[in-house]
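This report refers to the structure that appears directly beneath it.
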Amino acid sequence: MVVADSKMKRYHGDNLEMYILTLMTSVSLIFKDPTIGNNVNISVVKLIIMSEDEDAGIIFPSASKTLRNFCRWQQELNDPQGYYHDTAILLTREDLCRHSRTCDTLGLAQSGMACDRESSCAVVEDNGLSAAFTVAHEIGHILGIPHDDDAKCNRFHKQGQRLHVMARMLDYNSFPWTWSDCSRHFITTFLDAGYGHCLLSQSKKDLLSTYEHVKKPAGELYDMDYQCELVFGKGSRICPFMPVCKRLWCTMEDFTLGGCRTQHMPWADGTKCGPDKSCLRGECVLDPVFEAPAQNGEWGEWQSYGPCSRSCGGGVARSIRECDNPRPTNGGRYCVGERIRYKSCQTRNCPVGSTDFREEQCRSFNGKTFGFPGVDANVKWVPHYTGVEPEDSCKLYCRAARSSAYFLLKERVIDGTTCGPETYDICINGKCMAAGCDHKLYSDAVDDVCGVCDGDGTSCRVIRGKSIPLQYEGMIKAAQLSIPRRKRRNDWVPYWKDHNIEALIHERDSACNDLEKNNNIENRRKFVDICHKVEEEIAAYKREKWADFCGILDPRKDSQHWNVIKVLKSRSTQVNNRPTSNIIVSNGHKSKTDLEAANLLATNYQQASKLSFQNSDKKQKKACKQVLQQNKSYTQKDIFTKELTLEELECAIQKLDPNKSPGIDLIFGSMTKHFGTCTRRTLLRIFNLSWKSGKPPTLWKKSITIPILKHGKDAACCKLLLTLRSLTSLQPSPMVLRIPITTGEDLGSTYRTQMAQRQGINYQRGDCVQLYKKLLP
């Protein structure tokens, strides 16, 4: 979408629409140049001319303030049901300033925001036909491209080499029609990582294809004198004493008053520069070059696979092909299709005792502080997973050892790095890709119940140990575990893979040894205390991990909920780190009970009923109101019990048939079909099941839910859910999975058993007699 302010209307008059489309045609040709290395098409789906009343509160001399105001304004016009735009460009005749004393800014945009509905926008100052270079430059920033002279581009830029579209400023050394190797690298990285997913949809409308006359070169539509007027104002004309095409030198009618001046912009392509000659990219060339037909590009042959990214544990090799058979020319289409293909390599397991691959990458930065506050000069970096969003799992987050502070040290991990400690999926080009336990890309191989990759579940054997008699706070039960015959190092990673928890477990083991040597009351008390600490730390860690795994609602698939949630986020609703019931809302009130917490959340949820909608968006308004109405809170019953214990999880696990468990993508439909009407309760149990199996639902699209009762319905079968994770702040918040209290036999027996265990009573529960051990995690 392109928007022009009222000053543009006053300056260009009735010619404004054609002028803007001419600019955007030039922008489109710049993005069709093969040096960009990607198939990028520029379409204009909407063209809006603002009135003075509309731009009065939006456009200011401050470029950053104008950009902020415009980004906020444009998103209200972006209707997914109508002509949806990916990026909005504001053209203005306002003299833009970055600082109070410098007003040489031609454009401003936020980097890498192509698919951010609120921030995919740019502001460009109109300075004639060369504003097309500024528009292309700012769109480049939105697509994640830095300046050509940025430090990120040092490895691509050679001494004395020209700067291109992404030059920080246009001068005699810049060539703004083509793209640098650095620009090609960063836009390719940006698109391959999936950050441009919204750009894949086809535009319903393109004004550039509607108006045939704007397809001509700009210089054919606007002669050299008119180009001077566009830059320096009415009455300006071409300076007769300067070289043609390279730079547009202009003078006023009275040459003696001002002489010749330039803004270092070239003559527009197609401008006549001599008999049968026209300007083309700053050079005066023969006219027939403009009549050459467009040549679409075609892929060349695949190159051989490169080296493997890892020496063991499942690496990745890649093969590429270039769009050079032939290369696209004269505005022809760039090749469409797969540019890189991958294959698995070095899939054998790493030797026992090998350092984790992600840990190796963190270690490579040991002793480097990167200027982070509070980081020691001799810092040792270790991998960090907690609090990292699922979509960022392939970024290298590392934590300073013996500290809770963690930082992003690298935008992408090395290809072949696992996406997390509890999955076999691997990172490729910054994206998490499916892989099997055999370390092969797209493999369906999984661990069997014994932890053997692609096994048949027959290799388990039972190990029985002796209980330790205690006279303090009850008896510790004997452990019964299933262990595979050939357990491999990477078959299973415990969910307590955390340095603090590991230290506590070592301390507990030491206390256990002391107790075996001397079974006195002091050692028993010490042993039981450290066991409680281990359980508390694991429970806290589990809560945090669930917030990471379950993520937030997908705005593309849950748009009705998303509109409500977005409003609540803007009201600064926050969740405290511990426990779930400690919820602070915007009015400062802090809940004391779970019930009060649920009611506070529901109250805030209903505040969204004050949402304002565009008149054209009545369907969205109606759907949003219905969601609000369905999620009311009632105070007749307490809807929470205590946390699910390990024993209760084991019972749920033993009852569940793993062969009939729903898959990731079909979870709700499959569960309704397989488990009947009480799907919500079973869903929570399936979530908990993954802690035992070592396969957390990293890719599940639904967030953690807390049930809100609907009046007159049975709580156990009520499907109305309130997404607490989504209603809280943007930072991941710890969460406790809970089940509702009901009078039903199943949950009632679970609740009675839990209470009986806490009172030291041995309660028998049918096929759940063998309970999961209480002591060791």
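Cβ atoms here come from the backbone N, Cα and C positions, even for glycine.
Taking a C-beta cut-off of under 8 Å and a sequence gap of six or more, GLU138 (active site) has these contacts in its own chain: ILE89, GLY107, LEU108, ALA109, ALA122, VAL123, VAL124. Positions annotated as active site by TrEMBL: GLU138.
Residues or ranges marked as Ca(2+) binding site in TrEMBL: ASP86, CYS198. Of all Cβ atoms in the shown protein chains, 15 besides its own fall within 10 Å of the Cβ of CYS198 (Ca(2+) binding site).
Taken from TrEMBL, the feature Zn(2+) binding site applies to HIS137, HIS141, HIS147. Cβ neighbours within 10 Å of HIS141 (Zn(2+) binding site), excluding its own Cβ and spanning all shown chains: 20. Classification of HIS141 (Zn(2+) binding site) by DSSP places it within a helix.
The disulfide bond annotation in TrEMBL covers CYS71-CYS121 (among others). Summarising the environment of CYS71 (disulfide bond), the number of other Cβ atoms within 10 Å of its Cβ, over all protein chains shown, is 23.
The disulfide bond annotation in TrEMBL covers CYS97-CYS103 (among others). Under DSSP, CYS103 (disulfide bond) is assigned to coil, being neither helix nor strand in the three-state scheme. Around CYS103 (disulfide bond), a 10 Å sphere centred on its CB holds 15 further CB atoms from the protein chains shown.
What TrEMBL records for CYS115-CYS198 (among others) is disulfide bond.
DSSP assigns CYS153 (disulfide bond) to a helix in the three-state reduction. Around the Cβ of CYS153 (disulfide bond), a 10 Å sphere holds 20 further Cβ atoms from the protein chains shown. Residues or ranges marked as disulfide bond in TrEMBL: CYS153-CYS182 (among others).
The secondary structure of CYS250 (disulfide bond), as reduced to three states from DSSP, is extended strand. Feature annotation from TrEMBL assigns disulfide bond to CYS228-CYS250 (among others).
The Cβ of CYS260 (disulfide bond) lies under 8 Å from the Cβ of CYS239, PHE241, MET242, TRP249, CYS250, THR251, each on the same chain and at least six residues away in sequence. Residues or ranges marked as disulfide bond by TrEMBL: CYS239-CYS260 (among others).
The annotation disulfide bond is assigned in TrEMBL to CYS245-CYS279 (among others). Long-range Cβ proximity for CYS279 (disulfide bond), meaning a same-chain Cβ under 8 A and a gap of 6 or more residues, is found for GLY219, VAL244, CYS245, PRO266, TRP267, ALA268, ASP269, GLY270, THR271, CYS273, VAL285. In the three-state DSSP assignment, the secondary structure recorded for CYS279 (disulfide bond) is strand.
Counted within 10 Å of its Cβ, the other Cβ atoms near CYS273 (disulfide bond) come to 18, all protein chains included. Taken from TrEMBL, the feature disulfide bond covers CYS273-CYS284 (among others).
Take the CB of CYS308 (disulfide bond) and look out to 10 A: across all protein chains shown you find 19 other CB atoms. Marked as disulfide bond by TrEMBL: CYS308-CYS345 (among others).
Per TrEMBL, disulfide bond is recorded for CYS312-CYS350 (among others). Under DSSP, CYS350 (disulfide bond) is assigned to coil, being neither helix nor strand in the three-state scheme.
Positions annotated as disulfide bond by TrEMBL: CYS323-CYS335 (among others). Sequence-distant neighbours of CYS335 (disulfide bond): residues of the same chain at least 6 apart with a C-beta under 8 Å from its C-beta are ASN39, GLY297, GLU298, TRP299, CYS323, PRO328. Secondary structure at CYS335 (disulfide bond), taken from DSSP and collapsed to helix, strand or coil, is coil.
Over the domain 'Peptidase M12B' (1-203) the predicted model carries a mean pLDDT of 87. Marked as domain 'Peptidase M12B' by TrEMBL: 1-203.
Rounded to a whole number, the distance between the Cα atoms of ASP86 (Ca(2+) binding site) and CYS228 (disulfide bond) is 33 Å. For CYS182 (disulfide bond), the recorded positions whose C-alpha atoms fall inside a 10 Å radius of its own C-alpha are HIS147, out of CYS103, HIS137, HIS147, CYS350.
Shown in sequence order, ALA109, GLU138, GLY140, ILE145, PRO146, VAL165, MET166, ARG168 are the same-chain residues outside HIS137, HIS141, HIS147 whose Cβ sits within 8 Å of the Cβ centre of the Zn(2+) site. Within 10 Å of HIS147 (Zn(2+) binding site), counting C-alpha to C-alpha distances, fall none of the recorded positions CYS71, ASP86, CYS121, CYS284, CYS345. Ranking the binding-site residues HIS137, HIS147 by the number of CB atoms within 10 A of their own CB puts HIS137 at the top.
When the recorded positions CYS103, CYS115, HIS141, CYS312, CYS345 are compared by Cα distance to ASP86 (Ca(2+) binding site), the shortest distance belongs to CYS115.
Listed disulfide-bonded residues: CYS121, CYS284; maximum Cβ neighbour count within 10 Å falls on CYS121.
Within 10 Å of the C-beta of CYS350 (disulfide bond) there are 19 other C-beta atoms, taking all protein chains into account.
Closest in space to CYS198 (Ca(2+) binding site), of the disulfide-bonded residues given as CYS115, CYS308, CYS345, is CYS115, taking the CA atom of each residue. The Cα atom of HIS141 (Zn(2+) binding site) lies nearest to that of CYS121, taking the disulfide-bonded residues CYS71, CYS121, CYS350 as the candidates.
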